[in-house]
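See below for the structure under consideration.
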Amino acid sequence: MRNIIALNFLFYFVCLLDASQINFQATPFIINPVLTKNLTLRCSAQEFSSATSSYWHTTTTANGRPTTHRTTQPPETTTTRNAITTNPWFFQDTSTESTVQTSNPTTTASTFQTEADVTHVMSIIISKLNKFTNQFDPLADVTPFESATAGAMFKGSVSLNGSTSESTNHREKGFLEVTFNYPDDEESGEYTCEIFALNHENHPVNLRSTLTVISREPSISDLVKYISNHEKRFEEIKSQNIQRGSESCRSGVINFQHSYSKTPIVFTSLTSISANGNYGTSVQVTIDSVTTTSFRYSCSTNSYTSATFNWLAIDN
């Protein structure tokens, strides 16, 4: 009776799983050369919890050692369960790596994991399939000892952000983000992300995921829409209330020639400085206040120094 209870406990139980799964996404996953401004790849170890019925299954390898893995499907016969409890290797192998059955029923072939118990992320690596060599080239990586770094073939062509620290806001144990500006056909293709980590027992785990970015030539309608949007933006810029001028260094108020519908943004820049004698020179221009009709400024300098500055006011 005690063995039966233990057996039922091993194979039929409902548990709350606190684990992490790899989340690898491309935004967008279809790019239009020239039209697409940015392509962002983001890979993270994301926490999740789920209540599920869990069963353990084993397959015996050629050397007689079983490989165990979790499944949501119950065992088909009691013979398999008896074999597990009587095999001396069972309680020594706690691997939960996914496996697939080969043509030989006594052997197994491993597949990569997409979820696991993750406590510490040691590295996140994103790679891109080289279309000429058919090998994956390192695109970027991040570790606890080094900030996000681009691979040798991609230095200077990508923007990076990443961390192996836990984020409570996104329920992430770590992430790596890669951005291409104005991607073209070269950025299309297959990408892979691997996360190497330690579980709560400090055993190594490896999560992996792949995705494909598709490149699509823009259609005539895409180009027409693109040109139309830029023409609209150009007209908006032309219709903006932009005013400029030049003033000598003193304090005062400048009135706008045309009032603004709301308080504009005012910029200043020094254009000339002249000083008498071999004395130190300092000039400071400050915008004290801005309204829809004018702005007040202060320009201070030494008594033996004169200066002029330009100002620019634009719609906010």
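Using the three backbone atoms N, Cα and C, a Cβ is placed for every residue, glycine included.
These numbers come from a predicted model, not from an experiment.
Features as listed in TrEMBL:
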- 65-81: compositional bias 'Low complexity' (COMPBIAS)
- 254-314: domain 'H-type lectin' (DOMAIN)
- 59-81: region 'Disordered' (REGION)
- 1-19: signal peptide (SIGNAL)
Overall pLDDT for the domain 'H-type lectin' (254-314), taken as the rounded mean: 87
Number of helical, extended and coil residues in the domain 'H-type lectin' (254-314), per DSSP: 0 helix, 39 strand, 22 coil
